[in-house]
Every structure is written in structure tokens, then in C-alpha cells.
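Straight from TrEMBL, the features:
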type	residues	note
DOMAIN	6-251	domain 'Carbohydrate kinase FGGY N-terminal'
BINDING	THR13, ARG83, GLU84, TYR135, ASP244	sn-glycerol 3-phosphate binding site
BINDING	THR13, THR14, SER15, THR266, GLY309, GLN313, GLY411	ATP binding site
BINDING	THR13, ARG17, THR266, GLY309, GLY411	ADP binding site
BINDING	ARG83, GLU84, TYR135, ASP244, GLN245	glycerol binding site
DOMAIN	261-450	domain 'Carbohydrate kinase FGGY C-terminal'
Amino acid sequence: MTTDILLALDQGTTSTRAIAFDAALHPIASAQQEFRQHFPAPGWVEHEPEDIWRTSLATLREALGGAGVDPRRVAGIGITNQRETTLLWDRATGRCLHRAIVWQDRRTAEHCARLRSEGAELLLNERTGLLADPYFSATKLAWLLDHVPGARAAAERGGLAFGTVDCFLIWRLTGGRLHTTDATNAARTMLFDIRRGDWDDELLRLFRIPRGVLPTVRDCAADFGLTDAVHLGAAVPIRGVAGDQQAATVGQGCFQPGMLKSTYGTGCFALLNTGETPVASRTRLLTTIAYQIEGVRTYALEGAIFVAGAAVQWLRDGLGIIATAAEAGDLAAKADAAQSVVLVPAFTGLGAPHWDAEARAAIFGLTRGAGRAELCRAALEAVAFQTRDLTDAMRADWPDTHAMVLRVDGGMAASDWTMKFLADILGAPVDRPVVRETTALGAAYLAGLQAGLCPAPGASGATHWRLERRFMPTMSREEASRRHGIWQDAVRRTLTH
Ligand code: G3P
């Protein structure tokens, strides 16, 4: 039977999606399921591992069913996932010892503050490209080993396995035969030396992590085992794995140094391809692995913003001033041009380049004339201003960005008003692709590459990226700088340090 279908599984923070693609990477069927978020204490965020597993299996089956294809036609599954989220399970039973600790969880803030005050951040940053922040997996795993009764002893006996979501799903899909992750997910643990491409013994000692809990690490396009036939009706090969922002970078076809993508979901993650040499950031961006193919690592500078679309959700669900997210763009377009309301959406602190976990959201510039429309405009403008902060930082770290074009995706990229304003504030073209599910597209591409269905990155045939619309800046640079200046002033007044 011809194998010509690629199946992408995108296990995200609030929902799980599966999309079936044909060999030309056109989506043919998809399925999506949301799952419950657990907030057991202020600042804590957890997921039930069985929810992650159940929704993954269900959406994979539904996408296959929707495509109406025999599972034996699947050339490969590509897995992409919310990154950093930490799971620990029993190797004998496959059961997790605790709920997954989600990337947004801040319970290890004190541990990170201690690392900074002890001067360990420099070592962390040099080896992993990351910063001492609870965002990453290492302190979450240390917390599990220290707080789950018996976990440390079991880990030291070799009885436990740690993994990010990709690794947990590979383990479950292959019936526990494979304990493996890919280089991009490993790069987000804060235990992985991104230059050598291996777990780092000094960091393992620093975090008291026994080496035996760690998975092996493979390329993003590689053989990650066969699924148990019982799951999808046939044994299907897993052939691609990448963290979701890295998969989006691949899906956006950002294969050349200088290419930049930004994904606007709950948060916003901008990745700039910097080629085969990691670039150390002087502006508190992250240095990370964009993808690893045939043993060659391509690096990126990453800016992570914790709130983008979440601010619009707050207008809808928290304030109740809009009924749908789409309404925000319509109202913003009608806002009074004379008002300059600024919303700094630091609801869960500020990420790059400020990294202020204690900052909280604030609204500035309210007058009696300000209303719903001005608040909507402020929420959407904040996305553009935050992106500008990231691209300014990227320019400082990697000056070769003069001809910058930003490739966008994610839910907010659907708003024409927001994308036009983004182009104005950046002073650069903003390109929106035809397939906006770029995360799934990237995962499918990686699986297709390994299966021999897709051309190598940069090869003349690697054209899975197609432009839907380009937004060009028309605002004068003076006006863009004036507005950005007002934003920067508001941020300064919000920071706690
Ligand atoms: O680093 C966190 C990121 O991978 C989460 O992405 O799309 O699941 O919110 P998303």
C-alpha cells in the first residue's frame, strides 16, 4: 500500500489537535479537543497526564477517520507540543507520579531566585541559552523529586522516567518501548548543553537530577518507533518531533539565517533563525535550538511573551466588553484616534526581554472619553509593541536583520487590523501564510522529511510555505517611534525592578 499521508499531533497548552496532511502538505482533515486546566494554588498550573493522552489518541483517530484513510497509508506521525511542561512516570506501570507541571507554573520562583543569588545563572545561560526562570523544566523536575513521597529514591534506583510532553506521548504510543525526546524539547529543560547536544553533568548535579531519569535525544526528523497497532488500527511510524514554537519555525519555512516568525496564541513566541552558531543574547532573549536535522543543529534567538491573545480573552471573559475575540479588531478600528490608552498585559508577569515575574497588568492614559473600543485597541496594540520590544532586542543581539520580514501565525494573526498595526510599529513587512496551522505543518514536514516524502530544508522544492497576504507599513517612522515611546514609558512604570 502507498504511504502518502502525514499525521501531525499538536499537543498544546489548552487543547490537543491532530491534522492529516497529504504528501504535498495540504491539510485534509483535522480534530481538536480542549482539556481541563488545574490551578491548585495561586501561580500553579497543572495538567492531568491522562487528559493529555486521551485527547491525543482521540484526535489522532478522529483526524484519520475524517480523512477516510487506511492507517497503513500513514507514512509518519509528527509530534509537536507545549514545551517545558514536566512529567515523571513509573517505568514499570507507565503511570505518572503527579500531574504534569505546566510551563506557566511559577511554584519554583524561589528556587530560581536562589540560583540567581548564588550566581548560577551565568553557568545556566552559557550551557543552555536559558535564564533562571520557573518557565523551564529543571526546577519543576527537582520539585517533583523533592515533593512526591518516594520519588527521589525510586529515581535513583532507575525506576522513573522524566519527559516533556513529546517524550511522554512517544512512550505511551510505543507501549513504553522508547524513552526518547528530540533536541528542541531537550533544549528547554535547562539540563541540556545546546552546543554539545548532550545532557550536562554539572547541571544535573546542580539540580540533583539522577541521569537515569533522562530520555535519549534524537534529531527532529528521525525514527521514534512504531505505535502499538491497538491505538490507530495499524503500527504507524513516528518520524518527526519538535517543540511547538520550533515546529512553527519549520512550518513557516524559516530555514535561512535572518528569517523570523512570530506565533500569536495565548502568548507570543518569536524565533529568529541565526544559523549553525548559537548567538549569546545580551538583551535577555533566549538562545535555543530551532531544529536539528541529520545531526546538524540550527539555532535561534527566541523572545517569549506570556500574554498576547490572553488579553483579548480577558476583555471577553473577565470584563465582558466583547462577545467574541473577533469583535476586538472591529472595535479597535473604530477607536477614537485622539485617545492614547495603553494596556501593559503583565497578568502573569513580563517575559522577554524584562523577565519580571512580579509585575502585574496596568492600564494607563484613561480619560472620560475612553471606552470599550479604546480598551480593545490597547489590547491589540500591546501585541505589536511587545513584538517590537523583541525585534529591537534581536537587532541588538544579531545586527544582520536590516531586511527583516516577520512571518506570523496563530489565532491573532487572523486579525487584519492587528497585523497592519504590527507592520506599522515594526516598520517591516508582515507575511501571513495560507496554512496558518504552521505548528502542525512543521511537524508533518519533519515526519515527511524522514519518510522521504518532503524535500530537505532549503532544497529548491521545499515550498510548503505559501503567502496569503503581506501587510506593509505605512505609518511614518516618527509616529511609530512616538507611540512606541509611550508604550515603553508605561512598561517602565509597571516593572518591579
Ligand atoms: O513554551 C511554551 C509554548 O511551547 C506553549 O505554546 O501554543 O501551547 O501555548 P502553546
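Any Cβ shown, glycine's included, is placed from N, Cα and C.
Structural mapping of features recorded in TrEMBL.
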residue : record                               : DSSP (3 states)
THR13   : sn-glycerol 3-phosphate binding site : coil
ARG83   : sn-glycerol 3-phosphate binding site : coil
TYR135  : sn-glycerol 3-phosphate binding site : coil
GLN245  : glycerol binding site                : helix
GLY309  : ATP binding site                     : helix
GLY411  : ATP binding site                     : helix
> Which one, from the binding-site residues ARG17, ARG83, has the smallest tally of other C-beta atoms lying within 10 Å of its C-beta?
Replying inline: ARG17
> Does GLU84 (sn-glycerol 3-phosphate binding site) have same-chain partners at least 6 apart in sequence with Cβ under 8 Å from its own Cβ, and which are they?
Replying inline: TRP103, TYR135, PHE136, SER137, LYS140, THR164, ARG188, THR189
> So how many other Cβ atoms are close to THR14 (ATP binding site), meaning within 10 Å of its Cβ?
Replying inline: 12
> Per residue, counting other C-beta atoms within 10 angstroms of the C-beta, which of the binding-site residues SER15, GLN245, THR266, GLN313 reaches the highest number?
Replying inline: GLN245
>> Counting across all protein chains present, how many other Cβ atoms fall within 10 Å of the Cβ of GLY411 (ATP binding site)?
In response: 16
>> Please give the maximum pairwise Cα distance, in Å and rounded to a whole number, for the glycerol-binding set ARG83, GLU84, TYR135, ASP244, GLN245.
In response: 15
> So what's the mean pLDDT when you look at the domain 'Carbohydrate kinase FGGY C-terminal' (261-450)?
Replying inline: 92
>> So the record assigns THR13, ARG83, GLU84, TYR135, ASP244 to sn-glycerol 3-phosphate. If I measure every Cα pair among those residues, what is the longest distance in angstrom, as a whole number?
In response: 15
> If you take the centroid of the Cβ atoms of THR13, ARG17, THR266, GLY309, GLY411, the listed ADP site, which other residues of that chain have their Cβ within 8 Å of it?
Replying inline: GLY12, THR14, SER15, GLY265, GLY410
>> Going by Cα-Cα distance, which of the binding-site residues (THR13, ARG17, ARG83, ASP244, GLN245) sits nearest to THR266 (ATP binding site)?
In response: THR13
> What number of additional C-beta atoms lies within 10 angstroms of the C-beta atom of THR13 (sn-glycerol 3-phosphate binding site)?
Replying inline: 21
> Between GLY309 (ATP binding site) and ARG83 (sn-glycerol 3-phosphate binding site), what C-alpha distance do you get in Å?
Replying inline: 18
>> Cβ within 8 angstroms of the Cβ centroid of ARG83, GLU84, TYR135, ASP244, GLN245: which residues besides those meet this for the glycerol site?
In response: GLN82, THR85, TRP103, ARG188, GLY243, PHE269, ALA304
>> If you measure from the CA of ARG83 (sn-glycerol 3-phosphate binding site) out to 10 Å, which binding-site residues from the list THR14, SER15, ARG17, GLN245, GLN313 are inside that radius?
In response: GLN245
